Structure formats: C-alpha cells, structure tokens
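Q: According to Swiss-Prot, the protein carries these features:
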type: SIGNAL; residues: 1-18; note: signal peptide
type: CARBOHYD; residues: Asn30; note: N-linked glycosylation site
type: CARBOHYD; residues: Asn37; note: N-linked glycosylation site
type: REGION; residues: 197-223; note: region 'Disordered'
type: CARBOHYD; residues: Asn199; note: N-linked glycosylation site
type: CARBOHYD; residues: Asn238; note: N-linked glycosylation site
Amino acid sequence: MHLYFSCFILLFVPGGKSLGINSHLKHMSNKSQDQVNRTRTVGSKDVAALPLSSYMFNLYQSFHHSELNHGMEAAPSLSLNHRADIIRSLAVKSYDHGGSLWTFLFDFSSLSQEEEHQFAEVRFDFRAFSDAILVGMEVIVDFFHQSSTCQSISGFCQSYLYVGSLTSTLWPRSSDTWVTFEATDIIHKWFERNDKGKNHSEGHMKQPKKLHRAKSAERRYQQRSTENPQILMMVYSNISKKEKLSGTATLLQDAAHSKYLAVMPGIQTIANSRRHRRSHIFNEHIMGMKHVPSADSSRTLCRRVDFFVDFKQIGWDSWIIHPVKYNAYRCEGECPSPVNERLKPNNHAYMQ
C-alpha cells in the first residue's frame, strides 16, 4: 500500500481559491475541474457554482514552465510569487461601477491571520469593461465584506461591512489585457478590524451607495456575470515563522496525535477550526467522529512496515529484468481519520 503526500495548497471555498508552490503542477487543471464537479453536488444549495479561474490555471502552468526552464519570464510578478508560500484568489461576489466610482464586494473570511501577508492586488480583464472605462482613468474603489453564510436563495443580505477605499489609475498590462492595482492596504485594514473586534459593530455596517437595494444588486450581478470579467483579489502570503520552525507535518505524525480514534454516526459536527486556510469541506466531513480525550497507548497506530516483493518467488523472474526483489512497504495499524486540525498539517496530507 502506498501513501502519496502532496505539498501544495489548493482550496476551493465559496468566492475564493488558493494555491501553494511545488513541482507537481503539470496535470492539475483537469484534476481540479473534476474535483469541482464532484463538490458542486454536495455543496450548499445557496452557494452558486463558481467557474474556475483561468488566471489561476495560467499561474500553475507558469510555475511549471519556470521550473522546467529555470527562468523568470513565464508568470506575472513571478519573483514575488516565488517568495510567497500561498497565493490565494478571492472572486468578487458582486460589483458595480459608475464612472470613477467603483464598488467591490468580497468575502474576506477565508483569509488567515496566522499567515504573514506580503502583498495583495485586484485584477480584472480590461476587455470586459472597455465600454465603461478609459485607459489611464482614475477611479475610487470602495471595498465591502459579506460572508458567504449570508447568501440565500432570495438574494443578497441587506448589510455589508465596509473595509476601506483606495484610489487607483487603470492601466492594462503591456503583455496582456489584465488591469491590476495594489490592494495590500485593504487586507491590512480587514485584519485591523478583526484585532479591534469591530467587524460586527453596527457602526461599520452600512449600505454601499452602489448596492443599496439587494434585488437591484443581484440583478446587476447576474447581468454582468455573463461577461465573465473574472474580477479577482490576489493575496500573497507566507506561513508563519512558528509553523516553519515546526517542520512540515505528515499524515502519520498527525494520526499519532489524533483525538478522533473511533467512529460513531449521529454525533454533532465538531466546531469549525479557527484556521480558515483549511477547506470548509473538511468541516463538513468530520461529522460523526467520536471525541476521545487521548490516544490509548495499547492501540497500535498506523506505521510503515516492510513488505518485500520477490518476483522469483512468485514465478515472474523470467519477465522482470530489474529489480527482481524490492521493498514496497505497507501500512500497518490503526489510521484514524480525519486528523486533528489543531495540529499543523500544512502539507494537507489527508487520505484521498
């Protein structure tokens, strides 16, 4: 039995995606699309299925080509990407623009305060707004937050959390049609509100002028979604120094300290973890797990043991040139699943 572990991070949450850097990027596009197709059938009915971001897949391919060519030409801001452990994209939930006044509505709840955030930028395809904006025009952008849990079949929630504003000049990149502008200050303001405990204060809950009516906002969003502008906020971050010093967690290390050593259907869902970087799907799958105070020393937890394969012994030696005998290893013992999320499985080594 072989266990394969992956060191990259790719989380699909409502309104957001993220990725980490490693060398296994070549065939990720098709696999990710299959995963999304599967998760759409089990997800909440209130959350609309989001199309996969072509920019994120181009980013995957850029890393793959840069590893093959050992160059720095493939990806936009590639030097910055290589300095980031995690690249997360947040898809806009709704937007509106009228001349120089713009309004973007994001869900920032997937951002983790435990990470070291280096940089953030907003990007969109200039061609989707070519009839409404001019090259070089200056715009004022208001950023609002709305959690995905506020979504319902009837429409958007009535209240939005104002995060901050910025002024930017719209210049398409010379190499493509993407318009980008820095939004690092918006991310910092979001975490400042969390630190001060004001993210639920009524003083910061208000109706943006461009989204003052839920029905109207929903209608405008549906009309523009057909153009698929792919307005994204890219957030570049590193894992914390403490987590780096602790080393990369593995599935076996996590299982050895897991508190979920027995399965009992019907138990309530365990409370959501504070670590938002983990997929929300994980929280849905830990229903029915019996909480045990600690691992019993009499239990034999999963470990790797020898498993020798001798082709001569099974009569295949005339077919096999090399190796005639090798150690394939196997897993023996009890392997509790899921692992305790309070540990640090930063390689996301969950059994598939």
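Using N, Cα and C of the backbone, Cβ positions are placed for all residues, glycine too.
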Q: Any same-chain residues 6+ apart from Asn238 (N-linked glycosylation site) with CB under 8 Å of its CB? Would you list them in sequence order, or say none?
A: Arg83, Ala84, Asp85, Ile86, Glu115, Glu116, Gln118
Q: For Asn238 (N-linked glycosylation site), name the DSSP secondary structure in the helix/strand/coil scheme.
A: strand
